[in-house]
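Engineer: Handing you a structure now.
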């Protein structure tokens with residue numbers, strides 16, 4: 001029974017070790033993939049995956065080798081990981097709670113408005129240096145090339161991703177075949193048919209990027225809830241493993257040299273021994 005918690009914590013840390021490798025792989029894939037330009041989640045995933053990887057190795061060493069100080073360090077940093085993950089999850093739900101999607105009459109797809117998103121997200125894409133990085137990534141992807149052969153009927157019948165809706169075409173409300181000057185969305189004037197321009201500098205494109213990030217971050221927050229519950233369970237079992245590892249170091253053989261407890265005689269046993277032995281003198 002004493003080794004049960006050590007076995008369980010070892011098994012659970014193998015699972016967390018595998019999970020950390022998956023997280024690190026996902027983060028590296030985000031950085032190299034040509035089909036996604038999401039850099040918001042790459043660094044958090046790298047940091048989280050690396051932290052869980054190190055903790056998992058420490059937990060395995062401490063549980064399998066009964067090293068109390070390693071388990072103490074493991075549990076100490078596990079608290080910070082759990083608290084940080086809970087904070088990140090809560091922040092993720094707050095930031096991704098609102099979508100900027102607007103239904104377009106007669107269309108299957110939606111268009112997205114930049115002003116509808118959380119201010120923290122907007123400050124990222126409004127930053128010129130950051131947007132140059134995103135724009136370069138979009139130009140190197142196949143996001144808009146898929147729409148090159150679309151007909152006007154396709155735009156009426158087919159759905160578009162947030163990036164395609166915001167970056168690959170002008171807003172649906174734009175009117176270009178008129179001689180009169182009318183007030184239009186500023187993005188209508190940013191649009192250009194050139195493949196390297198399109199609507200990459202439009203606010204709708206920035207909104208499309210934010211919508212893509214919002215959807216993925218919301219899914220990640222849901223997964224984080226499960227991860228937090230799992231880590232709390234691992235922490236509780238780890239506390240039991242720490243007690244088991246600490247006991248033999250501080251008390252030698254707490255259950256006797258051969259694993260059996262040896263109780264001290266009580267007062268009634270001492271009194272009975274004295275009473276029966278007094279006639280010998």
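Numbers here mean position along the shown chain, with the first residue as 1.
Yeah, the Cβs are placed from backbone N, Cα and C, and that goes for glycine too.
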Engineer: Determine from Swiss-Prot whether residue 121 and residue 43 lie on identical sides of the membrane.
Structural biologist: yes
Engineer: Pick from 201-221, 222-242: which range has transmembrane segment per Swiss-Prot?
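Structural biologist: Checked against Swiss-Prot: transmembrane segment maps to 222-242.
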Engineer: Per DSSP, how many helix, strand and coil residues does the topological domain 'Extracellular' (96-221) have?
Structural biologist: 63 helix, 8 strand, 55 coil
Engineer: Tally Cβ pairs under 8 Å between the transmembrane segment (75-95) and each listed stretch (8-28, 45-65, 222-242), then give the stretch with the top tally.
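Structural biologist: Answer is 222-242, with the largest number of Cβ pairs below 8 Å.
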